[in-house]
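Right, one structure below, let's go through it.
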Amino acid sequence: MMETQFPWLTTIVLLPLLAALLIPFIPDQNGKTMRWYGLGVGAIDFALMCYVFWKYYNASDSGFQLVEKYLWLPQIGLSWAVSVDGLSMPLVLLAGLVTTLSIFAAWQVDYKPRLFYFLMLVLYSAQIGVFVAQDLMLLFIMWELELVPVYLLISIWGGKKRRYAATKFLLYTAAASIFILVAALGMALYGEGNTTFDMVELGLKDYPLAFELLLYLGLLITFGVKLAVFPLHTWLPDAHGEASAPVSMILAGVLLKMGGYGLIRLNLEMLSDAHVYFAPVLAILGVVNIVYGGLNSFGQSNMKRRLAYSSVAHMGFVLLGIASFTDLGISGALLQMISHGLIAAVLFFLAGVTYDRLHTLALDEMGGLGQVMPKIFALFTISAMASLALPGMSGFASELMVFVGVTSSDIYSSTFCTVTVFLAAVGLILTPIYLLSMLRQMFYSTGKAPVCLLKNTPYENEVLDEAICFGTNCVLPAKAVYTDAKPREVAIAACFLVLIIGIGLYPKIATRMYDAKIVAVNTQVRQSYTFAKADPQLFAKGFLFPRIPESEVLSVSGLLR
């Protein structure tokens, strides 16, 4: 572990939260001060992350770095313990970038701007807190803290069915998160010695297999809900369909990744013995997500719901990579999380930009937009190409790594690998179908002209006024001219697309941050398999074929046991 004297991570986590508490005392009449304040806080925090990781993070070290630990409630073993490693550091940067740009995207918020930016900054802190928490109870607290601002952001600034969507999101995620609390208490209280929630110490305990399997199942439900794993995904299309564009950017770009992070951090790394038996289940769920998400996406006429089901499909590759038992597959899963975070964020942002002009998300009411909005057309097309894994884009690199990782796995039988890869490839073929179909409906076909009728509007006779709409607060002239993307909107999209193309052309930009950690985690998982392969239990015998040479597995049993 690498420790520093100055509490950098604590500062990064608490800065947005403390800044949010000052919002009620800042004078602001028209909301302009609030938006600059929110953007400034987000940008400063993101810049601080970049500085700290550039100066202090060692990519070749697989252990925890920048460790800070302060006793909070010593009577029950609870402490403020934060750190980063290869699993969390890239996701912290992703959360900082997406949240900062989502604040910049919410430039037109004029309804309760103080509350809006307060919630966005609280959400900022909670997200970072989840990724850097080294104390399992602290992770649970941050996980729960994140639910409140998301619920309010959807229910106040969402669409017509915003309360239904927000309530459904809250019920799903809050109910599932109980398993984190149960697992934390169970792991902390197991065995002799002092009670602790420190993840490092909990990971070193030797749990009975039955107990570990129960823990794994409970956490799989928790993280499966957040990752939108079938059949726990139904909250996602409703939430995206009703949330405003900046909130959808965070939902797809960051919150889904919390589920994938939890699976790797807790299920894969800390409960590796149980992972041996659940890995085939994850692989099957991954294939189901890919095919089911693709088929449902094609059937959606609402643009944001189509993108939401696309996210369900892409998260299937994360499950496949985690289940692969290979360095390449797990690395591809993490790269897929980073890649999808960038791609989904820019797609939902552009969906919001389009909605601002048309005041509709119905694809059959669009058409011919390519001529009147060429910049939006170009940005949308590039983003869609990235989502369908065009070579040279980050999605291609991550999905290829997952495919090769699963194919080259020496744990599964050749039949299981072949069927899994074939079905995933079938699902992959669906991606260009529903994305190119969406582009055709939006930018090429004639469609039906959007009808915008607002009574008592002062703009009825003004032809050149721009159509503006954010959430439930619309100023939409009846004869509005639908303008192309503004410089601010182009800049936001460009920030994402530069990274998407950069990672696609040179994936090492991202993978070098976590390669060492992935090797260490997978070595531990494969070692757990060697303990289990002599006596395959439960359903694993039908899927696993023991063919790991003993010489390939490092002897780390002393560290594990």
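Glycine too: its Cβ is placed from the backbone N, Cα and C atoms.
Beyond the ends of the transmembrane segment (6-26), by six or more residues, the same chain brings 33-34, 37, 41-42, 44-45, 48-49, 52, 56, 66, 68, 80, 82-84, 92, 114, 117-118, 121-122, 124-125, 128-129, 132 to within a C-beta distance below 8 angstroms of the stretch. Taken from Swiss-Prot, the feature transmembrane segment covers 6-26 (among others), and the record attributes it to sequence analysis.
What Swiss-Prot records for 36-56 (among others) is transmembrane segment, and it gives sequence analysis as the kind of evidence.
According to Swiss-Prot, the transmembrane segment annotation covers 136-156 (among others), on the basis of sequence analysis.
Look at Swiss-Prot and you will find 169-189 (among others) tagged as transmembrane segment, backed by sequence analysis.
Sequence-distant contacts of the transmembrane segment (210-230), counting only residues of its own chain at least 6 positions beyond either end whose CB sits under 8 Å from a CB of the stretch, comprise 172-173, 176-180, 182-183, 186-187, 190, 236, 255-256, 258-260, 262-263, 266-267, 271, 273-275, 277-278, 282, 285, 288-289, 292-293, 311-312, 315, 318-319. What Swiss-Prot records for 210-230 (among others) is transmembrane segment.
Annotation comment: Swiss-Prot describes 244-264 (among others) as transmembrane segment.
For 275-295 (among others), the entry in Swiss-Prot reads transmembrane segment, with the evidence type sequence analysis. Long-range contacts of the transmembrane segment (275-295) within the same chain: residues 213, 216-217, 220, 224, 228-230, 233, 263, 267-268, 309-320, 322-325, 406, 411-412, 416, 420, 423-424, 426-428, 430-431, 433-434, 525, 528-529, 532, 537-540, 543-544, each at least 6 residues beyond the stretch ends and with a Cβ under 8 Å from a Cβ of the stretch.
Residues or ranges marked as transmembrane segment by Swiss-Prot: 312-332 (among others).
Remote same-chain partners of the transmembrane segment (333-353), defined as residues 6 or more beyond its termini with a Cβ less than 8 Å from a stretch Cβ, comprise 87, 90-91, 94, 98, 101-102, 105, 240, 244-246, 248-254, 256-257, 260-261, 264, 303-304, 307, 310-311, 314-315, 317-322, 324, 361, 376, 379-380, 383-384, 386-387, 393-395, 397-399, 401-402, 485, 489, 492-493, 496-497, 499-500, 503, 507, 510-511, 514, 518. Look at Swiss-Prot and you will find 333-353 (among others) tagged as transmembrane segment, backed by sequence analysis.
Swiss-Prot lists 376-396 (among others) with the feature transmembrane segment.
Counting residues 6+ beyond its ends, the transmembrane segment (419-439) has Cβ neighbours under 8 Å at 283-284, 286-287, 290-291, 293-295, 297-298, 300, 303, 306, 310, 313, 316-317, 320, 363, 380-381, 384, 387-389, 399, 403, 406-407, 412 in the same chain. For 419-439 (among others), the entry in Swiss-Prot reads transmembrane segment, with the evidence type sequence analysis.
Marked as transmembrane segment by Swiss-Prot: 490-510 (among others).
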Stretch of maximal Cβ-Cβ contact with the transmembrane segment (490-510) [cut-off: under 8 Å; candidates 36-56, 169-189, 244-264, 312-332, 376-396]: 376-396
Long-range environment of the transmembrane segment (376-396) - Cβ separation under 8 angstroms, sequence gap at least 6: 310, 314, 335-336, 338-340, 342-344, 346-347, 350, 353-354, 369-370, 428, 431-432, 435-436, 438-439, 442-443, 484-485, 490, 493, 496-497, 499-501, 503-505, 507, 510
Ranked first among 136-156, 169-189, 244-264 for CB pairs under 8 angstroms with the transmembrane segment (312-332): 244-264
